[in-house]
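In what follows, a structure is listed as structure tokens, so that the remarks can point back to it.
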Amino acid sequence: MGFMTQKEMAPLPDVHQLSDEQTTLTVEHLNLYYGNKQALNDISIRIPKNQVTALIGPSGCGKSTLLRCFNRMNDLVDDCRTEGDIRLNGMPINDPQLDVAVLRRRIGMVFQRPNPFPKSIYENVIYGLRLQGLRDRRLLDDAVERALRAAALWHEVKDRLSDNALTLSSGQQQRLVIARAIAIEPEVLLLDEPTSALDPISTLIVEELMGTLKQHFTLVLVTHNMQQAARVSDYTAFINQGKLIEYNRTDDLFTSPTQRRTEDYITGRFG
């Protein structure tokens with residue numbers, strides 16, 4: 001796969017030596033509470049630019065909660081509060097003066113199950129662009145083709161852009177959702193178990209797509225599939241009980257974990 005070749009050709013910097021220029025998201029001493037229950041405990045992590053970072057851990061460990069901190073999806077949860085600092089290229093994400101809609105244009109998200117709108121394929125892709133006020137048909141056409149090509153879907157749908165998106169297969173729908181997310185050219189793409197509802201062939205297509213997308217975007221992936229994390233990610237963070245247990249280059253974490261809990265998890269002793 002292309003991204004494996006790139007990983008082999010260019011040694012990745014150590015997670016503890018990432019400069020600000022190499023970092024897209026910076027998290028420092030993050031705590032998150034649902035009411036009186038603490039879900040994230042003193043998490044500090046740097047997410048490198050133009051790489052795939054996987055968040056792994058057992059169900060309920062806090063990895064999806066952490067992911068949703070990056071675009072403030074947790075704001076939608078009643079009685080949720082956060083402490084600490086999260087920055088997107090230096091911009092404080094939790095600033096109460098920040099327009100969350102602007103943040104979510106800079107940080108796109110793809111969920112576990114494909115969620116295309118019950119509109120045409122074309123209208124799905126341009127949805128975010130229309131919200132931004134873009135009306136020029138030529139520019140919209142160009143954006144649709146560019147996004148669908150980037151999502152490896154263009155050749156499958158270019159002659160049926162007016163068809164309802166719900167007529168696509170589940171794998172095609174998920175790639176359409178990715179195209180919709182990247183059409184507005186975000187800096188970061190959050191992927192919350194994006195292949196868990198897909199068949200093996202569709203899963204492989206999406207995994208290969210991640211290797212291409214990271215050339216233009218920073219990707220953060222939540223996955224229960226450790227083999228998937230090992231295949232597609234450059235860096236992996238192991239989270240358990242709301243704490244960051246270990247964070248390292250993926251190859252190092254899976255072959256030479258420094259924490260016993262990490263080794264126990266990746267070898268199947270618990271989780």
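From the backbone N, Cα and C atoms, a Cβ is placed for every residue, glycine too.
If you take the C-beta of Gly60 (ATP binding site) and look for same-chain residues 6 or more apart in sequence within under 8 angstroms, you find none. Look at Swiss-Prot and you will find Gly57, Pro58, Ser59, Gly60, Cys61, Gly62, Lys63, Ser64 tagged as ATP binding site, backed by sequence analysis.
Positions annotated as domain 'ABC transporter' by Swiss-Prot, on the basis of sequence analysis: 25-266.
Apart from Gly57, Pro58, Ser59, Gly60, Cys61, Gly62, Lys63, Ser64, the residues listed for ATP, the same chain places the Cβ atoms of Thr65, Ile239, Asn240 within 8 Å of the centroid of those Cβ atoms.
Residues within less than 8 Å, Cβ to Cβ, of Cys61 (ATP binding site) and separated from it by at least 6 positions along the same chain comprise Ile239, Asn240, Gln241, Gly242. Within 10 Å of the Cβ of Lys63 (ATP binding site) there are 28 other Cβ atoms, across all protein chains. Mean pLDDT of the predicted structure over the domain 'ABC transporter' (25-266): 96.
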